[in-house]
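In TrEMBL this protein carries:
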- A:2-104: domain 'FAD-binding FR-type' (DOMAIN)
- A:R53, A:P54, A:I55, A:S56, A:L70, A:Y71, A:R72, A:G79, A:T80: FAD binding site (BINDING)
- A:C223, A:C228, A:C231, A:C248: [2Fe-2S] cluster binding site (BINDING)
Amino acid sequence: MIEQQNMTIVSHRSIAEDIFELVLEGSLTNRMTSPGQFVHVKVTSGSDPLLRRPISICSINQSLNQFTMLYRVSGSGTGTKVLSNLPKGSKVNVLGPLGNGFPLDELEAGQSALLIGGGIGVPPLYELSKRLTERGVNVTHILGFQQKSAVFYQEEFEELGDTYVATVDGSHGIKGFVTDVVDQLSLKSDAYYTCGPTPMLRAVEQKFEHTTGFISMEERMGCGIGACLACVCHVNGDESGLLYKKVCSDGPVFKRGEVIL
Amino acid sequence: MIEQQNMTIVSHRSIAEDIFELVLEGSLTNRMTSPGQFVHVKVTSGSDPLLRRPISICSINQSLNQFTMLYRVSGSGTGTKVLSNLPKGSKVNVLGPLGNGFPLDELEAGQSALLIGGGIGVPPLYELSKRLTERGVNVTHILGFQQKSAVFYQEEFEELGDTYVATVDGSHGIKGFVTDVVDQLSLKSDAYYTCGPTPMLRAVEQKFEHTTGFISMEERMGCGIGACLACVCHVNGDESGLLYKKVCSDGPVFKRGEVIL
Amino acid sequence: MNRLAMELPGLSLKNPIMPASGCFGFGKEYSEFYNLNELGSIMIKATTRETRFGNPTPRVAETSSGMLNAIGLQNPGLDHVMEHELPWLEKYDVPIIANVAGSTVDDYVEVSKRISTAPNVQALELNISCPNVKHGGIAFGTDPHTARELTQKVKEVSSVPVYVKLSPNVSSIVDMALAVEAGGADGLTMINTLVGMRLDRKTGMPIIANKTGGLSGPAIKPVALRMVYEVSQKTSLPIIAMGGVQDAYDALDFISAGASAVAVGTANFVDPHVCPTIIKDLDQILQEWNVNHILDLRGRSWMTHGEAAHHRA
Amino acid sequence: MNRLAMELPGLSLKNPIMPASGCFGFGKEYSEFYNLNELGSIMIKATTRETRFGNPTPRVAETSSGMLNAIGLQNPGLDHVMEHELPWLEKYDVPIIANVAGSTVDDYVEVSKRISTAPNVQALELNISCPNVKHGGIAFGTDPHTARELTQKVKEVSSVPVYVKLSPNVSSIVDMALAVEAGGADGLTMINTLVGMRLDRKTGMPIIANKTGGLSGPAIKPVALRMVYEVSQKTSLPIIAMGGVQDAYDALDFISAGASAVAVGTANFVDPHVCPTIIKDLDQILQEWNVNHILDLRGRSWMTHGEAAHHRA
Ligand SMILES: Cc1cc2nc3c(=O)[nH]c(=O)nc-3n(C[C@H](O)[C@H](O)[C@H](O)COP(=O)(O)OP(=O)(O)OC[C@H]3O[C@@H](n4cnc5c(N)ncnc54)[C@H](O)[C@@H]3O)c2cc1C
Ligand SMILES: Cc1cc2nc3c(=O)[nH]c(=O)nc-3n(C[C@H](O)[C@H](O)[C@H](O)COP(=O)(O)OP(=O)(O)OC[C@H]3O[C@@H](n4cnc5c(N)ncnc54)[C@H](O)[C@@H]3O)c2cc1C
Ligand SMILES: Cc1cc2nc3c(=O)[nH]c(=O)nc-3n(C[C@H](O)[C@H](O)[C@H](O)COP(=O)(O)O)c2cc1C
Ligand SMILES: Cc1cc2nc3c(=O)[nH]c(=O)nc-3n(C[C@H](O)[C@H](O)[C@H](O)COP(=O)(O)O)c2cc1C
Ligand code: FES
Ligand code: FES
């Protein structure tokens, strides 16, 4: 069940250049089941910004009634900029949890998973990694960022499994893209899970043509619940061009090959 | 000189139903000279609300670099409602001081002044009363409110001089309008100073036909500095109908009879 | 006492609040949030003769107090709507207003003829104002002559009253209203979106793949209100008004301007519960104000200030 | 290197930023905040043949991300402007664009003829788009034929280039632009305000005494941007664009859409320093982006997405 709730900011801090970690408290947390789901956040009660912002659930702490999201401030005058100014104690209106997350039962204990995240696509992989390791799955992370100042959550991921960080300019970790890391280290796995910019998703999909994979998509949204048809994508193999999936409610996670990236 | 400055909220509290007292700190305070001037307040940095809000200067503390304003939250979804939610420590952008205030040199020590305020027109009379009493002028206040829950600053005014409070419904003080108080107590003075809703200003002007008086006007504003011509009023005795005064920069205080109320 | 119920051509409304077309799909998603029976009516997503995918994405962009959309009339097509969407809605006791779109006059006529026979469709809303498709849509909504003819043709075949949805992108909204009135329209719905655009700050390219989109939300409310004010005084057709409604006071503004009922679009995306909240608040406000029926407030903005003073006294 | 200077018909601009007419008076008030020499130009308040008081108050009302105004062309009249306002402005090295208004064609012709002879008036801006007066104004700005004739007549008498200010309240802004181009206009300024309305929540009466007013501010920027995008691709006239500009990025959006220069209206009320701030920021952004001249960005939104990808490679 999707719910709308005014949640309380219990912690809010900058963790990398333009990247913030926001911890929210409220009973809505109980409804969060699947890693990879997202919430739709109304930053202020006024009409500027008007629309909600889709942000992934990064980690869930049901005993504390809290969940964490990580977000990037995308510029001056943006909704995320306004959000970043809210102090601890403020209320934020959250609609969620939305969409379908990454399936956990695809892998069993002892099998291996590759989690590949790019930039602000990294956050949803964190809860996923926690859940997979709980199941006994061996998890390897490849996290790609623009440059050193943009890197976040490296230690958190390292606690859960092997973690390779790549930066485009080589200022931290391996120089290059996440797919370069896969090539250099000849990484293999029983399944992969990925979230990040569309060109990265495409490159990952091509690289692992024969591996089970799950891909989290991004699209500009209106309603976030499947009613407005803002966020549709085409379906692979549909010659009519008329079939579609809604990223918000059918996704954001799709099985590899299901939709056209 | 008018200046624009981000000032800091040092105190912010509710003092009556929907009435807030806001104390702001910043060097702009040094420019405030005359009681009855106002500031133009940008409540948030976004575009909702877009325009500034004109609010009177209620008291000035130049040694602390602080000034006080009192304002009424005029409803849900209004700019003043947004303002009322800003906590201590927040910044508020202030343009000011604006306009021409009440003249102080009209009266000398020993003379008497009647200060008549209605509702949210009461605040500017407070700094005026302080300045007049400093000069040795005997000050009497008549303050009118809708009902008991709306009364504010009664004690503050009582410290400066005789103070009569009237409420329309009689729930506090004298029942009726400020002009009823004038009638009942046959109050007289060497000059009067008044601020409040236009019908009240008209009634006061009529009541004291032969007394020197100063009237503070209200009008919806755009720029607040005399450029947009949003806030004009007609001039008394101008047969052409073409003469005008700008409330923001020629006023808000006018000499009795100068402009058409 | 029921302060909110009313009769409009074809429609028995429990209350005058309904979701606007395209902002509510065919109801399924919002039925997870509340019982759709609470609504006065539902304006379903535009239906065309054939299945349509619509425009490429991105399809939406935010602007100051507004949003742009260029969905491009994506919909499953007339057959699917008749066979699945409308029957699903039959479990609710809510009259449906079917939004009809097409590329040609024939399209409109064909869809209107068939969809107006569905048992729960109590009125049609002719969408001659969609700014996001190459053919049809707004092309019918900016020329009075074309709009009048289309209305006439649809009236001939429709089994239910026909409301025409006006575009605000015109020099004279009154001329358009009079034209469709002359064409036999039973009511008006207004306004559709204003054509607008947003560019990416860095690349300077349009954010929306369709380049331009339709502007909705609070930003357009002043324009919508003015148009309802003008049109309601020049025609005798009832108006279902929309454009930037976020709360009960916004809805009352449109009634004061001369509308009879009010639709809510973009605000559903911000708050899925907005329609039932408005309905509840309306009733409470009217009670506070001692107003027996919401239509007692209809057109109160028309008075001159002199009349208003008199009225208040 | 000067990234911002440019030549437009009649105007040698240090930079493309100027206050919009009616939002800056005749400059005196803002001269207390900064040196007016910093500005590219100044569009002075509409001048009519006779002194005008304008409309009754209230004249302004706020809306979501916008404001309504119905000043009603209050101004001291042609004689006073020629004898006092323009001479006062001569102390600044800034070209003046004189905004001309009237009730009849004769009015426009007379004001244009005389005001264009003032030494610092380098261009006229024909205001055929004021929505707040009963006679003239927008009446000239919604009919292409009338607009063309007026432009022609003014061109015959004006000693300086003539820009025509377009109204957005039309079905086809391109038709209006082409009409005034055919009438001999040297440039376009766009957009004036959208006609809108706000009601008092309690009484339901219009807040503005004139009932309707002109909507300006960020709310209308998407509409303004779209119109500049359309018109700039259909005419060869240079465009001075306006509508909701608040910062340098907004100004760049209008250049990307096809304008050559940008005017700032409502934002002056919010921040009296907005014009010099935008000028400073523009220069810095262009430097960061390695753009030699702001006009290198002109019209970059016109590309198809394919071309844009190519261009970026
Ligand atoms: C399912 C999903 C999960 C996401 N998870 C995260 C996350 O965990 N952390 C994070 O930082 N970002 C995430 N994003 C991207 C995030 O939604 C955008 O960065 C954000 O909405 C931009 O808003 P703004 O206020 O910064 O920018 P503005 O420029 O003010 O945004 C204007 C409008 O465009 C939309 N928009 C702009 N960029 C994007 C984008 N890339 N994707 C979708 N909408 C966009 C905004 O939502 C808003 O409606 C996610 C997006 C989706 C679809
Ligand atoms: C010179 C002057 C001094 C003032 N001093 C005070 C004061 O000390 N304390 C106080 O509470 N109020 C004062 N007011 C009135 C105050 O400006 C309005 O109550 C306030 O602007 C309303 O804004 P809002 O956000 O509550 O309402 P909204 O409804 O959000 O306002 C919408 C728009 O209308 C304008 N507006 C609405 N009502 C008024 C009004 N009565 N006068 C002017 N503009 C209005 C707002 O400024 C805004 O632009 C003063 C007004 C003037 C002109
Ligand atoms: C995403 C979206 C899709 C829309 N689709 C349609 C549609 O299919 N048919 C139609 O007549 N209007 C459509 N509209 C217009 C709305 O019904 C409404 O007229 C407009 O949005 C103004 O109302 P609002 O400001 O409350 O959103 C759509 C609007 C939006 C935002
Ligand atoms: C208070 C006010 C007065 C205006 N007066 C005039 C005018 O005299 N002549 C004119 O051509 N435009 C006038 N305008 C319109 C502006 O010049 C401008 O076209 C419009 O406001 C859009 O720009 P903005 O959104 O930056 O304000 C006025 C606008 C405002 C807000
Ligand atoms: S965002 Fe509305 S359908 Fe996905
Ligand atoms: S508010 Fe602009 S002139 Fe007074």
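Heads up, the Cβ atoms here are built off N, Cα and C, so glycines get one too.
TrEMBL entries are annotated by machine, without manual review.
The structure displayed is predicted, hence computed values, not measured ones.
Here the features listed in TrEMBL are placed on the structure.
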residue: A:R53; record: FAD binding site; DSSP class: strand
residue: A:L70; record: FAD binding site; DSSP class: strand
residue: A:T80; record: FAD binding site; DSSP class: helix
residue: A:C223; record: [2Fe-2S] cluster binding site; DSSP class: coil
residue: A:C228; record: [2Fe-2S] cluster binding site; DSSP class: coil
residue: A:C248; record: [2Fe-2S] cluster binding site; DSSP class: coil
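Within 8 Å of the Cβ centroid of the FAD site, not counting the listed residues A:R53, A:P54, A:I55, A:S56, A:L70, A:Y71, A:R72, A:G79, A:T80, the chain contributes A:V41, A:M69, A:L83, A:I120.
Other Cβ atoms within 10 Å of the Cβ of A:T80 (FAD binding site), summed over all protein chains shown, number 18. With a cut-off of under 6 Å between the Cβ and any atom of ligand 1, the binding-site residues A:R53, A:I55, A:C231 reduce to A:R53, A:I55. Among the binding-site residues A:R53, A:C223, A:C231, the residues whose Cβ lies under 6 Å from any atom of ligand 5 are, in sequence order, A:C223, A:C231. Our reading of the FAD binding annotation (A:R53, A:P54, A:I55, A:S56, A:L70, A:Y71, A:R72, A:G79, A:T80) yields a largest Cα to Cα distance of 16 angstrom.
Less than 8 angstroms from a Cβ of chain C: among the binding-site residues A:L70, A:R72, A:T80, A:C223, A:C228, A:C231, that describes A:C223, A:C228, A:C231. For the pair formed by A:R53 (FAD binding site) and A:C248 ([2Fe-2S] cluster binding site), distance between Cα atoms is given as 12 Å, rounded to the nearest Å. All protein chains shown were included, and the count of other CB atoms within 10 Å of the CB of A:C231 ([2Fe-2S] cluster binding site) stands at 29. Considering only the binding-site residues A:C223, A:C228, A:C231, A:C248, the residue whose Cα is spatially closest to the Cα of A:L70 (FAD binding site) is A:C248. Using a 10 Å Cβ-Cβ cutoff, A:L70 (FAD binding site) registers 22 neighbours. Candidate binding-site residues: A:I55, A:R72, A:T80. Nearest to A:C228 ([2Fe-2S] cluster binding site) by Cα distance: A:I55. Listed binding-site residues: A:R53, A:I55, A:L70, A:R72, A:C228, A:C248. Those with a CB atom under 6 Å from ligand 3: A:C228. A 10 Å cutoff on Cβ-Cβ distances gives A:R53 (FAD binding site) a total of 22 other Cβ atoms nearby, all chains included.
For A:C223 ([2Fe-2S] cluster binding site), applying a Cβ distance below 8 Å and a minimum sequence separation of six or more within one chain yields A:A230, A:C248.
Within the set of binding-site residues (A:I55, A:C228, A:C248), the lowest number of other Cβ atoms found within 10 Å of a Cβ is recorded at A:I55. Rounded to a whole number, the C-alpha distance linking A:I55 (FAD binding site) with A:C231 ([2Fe-2S] cluster binding site) is 15 angstrom.
Long-range Cβ proximity for A:R72 (FAD binding site), meaning a same-chain Cβ under 8 A and a gap of 6 or more residues, is found for A:D18, A:I19, A:F20, A:T80, A:G119, A:I120. In this model, the domain 'FAD-binding FR-type' (A:2-104) carries an average pLDDT of 95.
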